[in-house]
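S.K.: This is the structure I have questions about; it appears just below.
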Amino acid sequence: MDVEGGGAAARRKGGWWWWREEAVLAYQSLGVVYGEVAAAPLYVYRSAFAGGDIEHSAGNEEIYGALSLVFWTLTLVPLAKYVLLVLRADDAGEGGTFALYSLICRRVRAGLLPPCAAAAAGEELDAAGAAAAPVSAVRAALERHRVLQRLLLLLALLGTCMVIGDGVLTPAVSVFSAVSGLELSMDKDQHKYILLPITCVILVCLFALQHYGTHRVGFLFAPIVCLWLLCISIIGVYNIIHWNPHVYQALSPYYMYKFLRKTQTGGWMSLGGILLCVTGSEAMYADLGHFTQNSIKMAFTLLVYPALVLAYMGQAAYISRHHNFEDGSHIGFYVSVPEKIRWPVLGIAILASVVGSQAIITGTFSIIKQCSSLNCFPRVKIVHTSSTVHGQIYIPEINWILMILCLSVTIGFRDTKHLTNAQGLAVITVMLVTTCLMSLVILLCWNKSIVYALSFLLFFGAIEVIYFAASLVKFHEGAWVPVTLSFIFMMVMCVWHYGTKKKYEFDVQNKVSISWLLNIGPSLGIVRVRGIGLIHTELMSGIPAIFSHFVTNLPAFHQVLVFLCIKSVSVPHVQPEERFLVGRIGPKKYRIYRVIVRYGYRDVQKDDVEFEKDLVSSIAEFIRCADSNQNSFMDGASHSCEGLSFISKGLPLEEEEGEFDGSDSTGSSAHKEINPNTTAPKPKRVRFALPKDTKIDREVRGELQELMEAREAGMSFITGRSHMKAKSGSGLIKQIVINFGYEFLRRNSRGPAFAVNLPHVSTVEVGMICLV
């Protein structure tokens with residue numbers, strides 16, 4: 001669904017149609033963005049009181065102070081920080097930690113991705129705007145000092161790792177808290193043995209059903225969250241009217257002061273539970289690409305925020321009139337629910353917790369995909385669960401890892417106290433990272449004064465540092481979990497990024513010069529067989545070493561050679577007309593081309609049967625529109641994109657489809673994987689034919705005809721299977737990272753053939769040893 005398509009843009013902003021579409025998007029965002037924050041009333045007060053740091057007294061200072069803290073935290077963090085400020089810092093409509101990092105890196109040239117990625121992006125893809133950032137001390141320091149660039153990358157990766165940790169903890173906390181309502185209807189001995197198995201069964205079902213995709217039941221998410229918000233707000237209004245109509249007085253900041261003055265250290269430590277009221281706030285920014293700023297703002301300010309405030313006020317009103325709780329762990333959501341409607345509310349709560357968990361799981365898949373696109377995570381299998389809904393992906397390896405970790409923490413802790421301590425640290429760390437990166441965006445991208453940026457950093461940073469310190473104190477009571485998880489994922493990301501960088505440097509240093517190709521003649525000194533050979537390379541210029549290694553050991557190759565370079569660039573999306581760059585290597589008679597295919601870090605590289613067709617048609621269009629100098633060729637030694645041409649639209653080719661008889665094993669490698677449970681279509685054989693255009697030059701038509709014949713003969717994918725080893729004399733840490741860490745990840749990750757979704761029968765791997 002194109003939420004920002006031409007139809008919406010064509011209508012006048014502020015008109016009836018515009019408001020109608022924004023309202024529809026706001027309603028849809030409830031099920032995707034706000035499931036997690038909507039489920040927070042299930043466990044916020046319980047987490048604040050369950051630790052034993054504060055006790056509910058007859059004077060109600062504790063519950064009033066907790067309500068005041070919840071209200072002002074909700075007002076300042078999600079409403080003031082995210083809705084009013086952070087949502088404006090979009091990267092071509094996309095949000096999230098990597099969006100902020102990408103904005104900063106493109107503006108000040110401080111990225112640590114290989115140089116070719118920046119060059120491949122091109123100025124025309126820079127969504128940050130054409131205005132140059134003014135020279136400042138901060139910008140100069142970032143561009144000059146490599147250490148600051150590494151710290152910036154580590155900061156972005158830290159936020160990403162904590163989001164992944166949140167993906168482990170949120171399902172456990174939400175589902176366990178929702179199911180805990182059963183304890184009010186059972187004996188103490190019964191619910192002790194019932195809650196954990198039921199929670200684990202729900203979690204297993206949740207993760208086991210991920211490969212089916214959410215598009216079949218996604219239409220239910222928004223109604224469920226909407227029903228849940230209406231339910232908790234109505235219950236809140238009832239409790240306010242029935243138990244304590246004057247509870248609104250606790251919204252005054254004065255009650256925060258009374259709370260902290262009375263409880264002192266205990267009250268400060270209880271802030272780790274209070275901060276859970278803003279869990280899920282980061283999703284407003286991370287999911288910006290699926291909706292619009294106005295729709296997300298509308299949903300939060302008009303429905304989510306009022307409903308949550310009423311829910312927390314209602315719980316506080318009930319608790320303020322009841323002081324006979326056995327301990328703090330019994331102060332929770334369900335005690336304030338009237339007994340007659342407790343079972344229906346329990347059912348809605350479980351559904352709402354599942355929706356909130358689904359949102360964070362899907363978000364984790366998207367983040368892993370972004371990291372993999374930017375060479376910060378090993379290549380993983382990405383399955384597109386929907387052929388129509390953008391961004392609906394499923395990563396099997398990550399899904400099962402999340403399930404195992406989620407079940408482990410649930411069974412290991414067995415209560416919400418330790419789980420919420422762990423979740424709180426993950427949530428507040430992500431917010432701190434966003435605050436730090438956002439202050440740099442204000443200074444470097446928005447060109448505001450340093451006073452404005454520091455004001456934002458100090459105000460919101462001070463609030464979040466207080467909560468961060470309160471959460472970190474609970475390190476031995478569960479907060480060690482997100483730290484451990486983020487450390488493991490951080491090590492994986494850093495090792496993979498470092499190894500990939502060293503591999504690229506090796507390729508650059510060992511590439512073959514263009515003169516070597518020219519000296520061996522058009523036949524390349526080998527037998528040229530029918531078909532197209534795609535040679536995968538990370539280089540944008542020169543001849544990769546795997547090609548010379550291949551022809552030295554196997555002196556035969558295809559009649560048409562294509563050096564294919566697939567790049568994920570530091571912009572969220574690349575338009576289809578800007579995706580292909582095509583050039584020629586050597587004279588025309590060599591029939592060697594270079595194609596660079598560019599994807600944004602948010603682009604979904606679908607398992608599309610059209611990829612090969614688009615590739616061939618782009619080369620054909622390049623041949624047709626070649627320069628008048630027929631013997632010109634791209635300078636392979638150049639470090640720029642000189643010689644490459646944008647192919648906005650490939651040459652239209654006529655197709656004839658027929659049954660594939662299976663006699664040609666190197667035939668069309670068209671392959672599409674949408675869902676492993678769908679029946680694969682019967683393979684087809686596609687015959688390409690040139691359009692009947694009499695204006696095409698005879699020599700050009702001959703080259704095009706040869707390209708079509710080669711495509712019909714089949715297409716093979718040749719890639720290097722490099723074995724990385726540290727050079728003798730390298731440091732101990734480098735040897736461990738390269739010889740063991742990176743090699744282990746490489747052996748257990750997907751090969752580059754998965755980037756273009758070619759079947760194994762069309763792939764040839766060339767082994768090489770790379771000494772770095």
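Including glycine, each Cβ sits where the backbone N, Cα and C put it.
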S.K.: If you compare the topological domain names in Swiss-Prot, are SER366 and PHE475 on one side of the membrane?
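M.R.: They are annotated on opposite sides of the bilayer.
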S.K.: Going by DSSP assignments with H, G and I as helix and E and B as strand, what are the residue counts for the topological domain 'Extracellular' (414-423)?
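M.R.: Final tally across the stretch: 8 helix, 0 strand, 2 coil.
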S.K.: Tell me, please, if the transmembrane segment (266-286) and the transmembrane segment (450-470) are in contact, taking contact as 3+ Cβ pairs under 8 Å between residues separated by 6 or more positions?
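M.R.: Counting Cβ pairs under 8 Å (6 or more apart in sequence), the transmembrane segment (266-286) reaches the transmembrane segment (450-470), since there are 3 or more.
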S.K.: Between the transmembrane segment (424-444) and the transmembrane segment (345-365), are there three or more C-beta pairs closer than 8 Å, counting only pairs 6 or more apart along the chain?
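M.R.: They are not in contact.
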S.K.: So what's near the transmembrane segment (393-413) in sequence-distant terms, Cβ-Cβ under 8 Å and 6+ beyond its ends?
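M.R.: Residues 167-169, 171-172, 176, 196, 199-200, 203-204, 207-208, 210-211, 213, 361-362, 364-366, 368-369, 380-385, 419, 422, 478, 481, 485, 604 contact the transmembrane segment (393-413) from elsewhere in the chain.
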S.K.: Who are the long-range neighbours of the transmembrane segment (345-365) in its own chain, taking Cβ under 8 Å and residues 6 or more past its ends?
M.R.: 31-33, 35-39, 42, 163-164, 166-167, 170-171, 174-175, 177-179, 181-182, 202, 206-207, 210, 214, 221, 224-225, 227-228, 231, 235, 280, 283, 286-287, 333-334, 337, 392-395, 398-399, 402
S.K.: Taking 3+ C-beta pairs under 8 angstroms (sequence gap of 6 or more) as contact, is the transmembrane segment (24-44) in contact with the transmembrane segment (299-319)?
M.R.: yes
S.K.: Mind checking how the topological domain 'Cytoplasmic' (445-449) divides into helix, strand and coil residues in DSSP?
M.R.: 0 helix, 0 strand, 5 coil
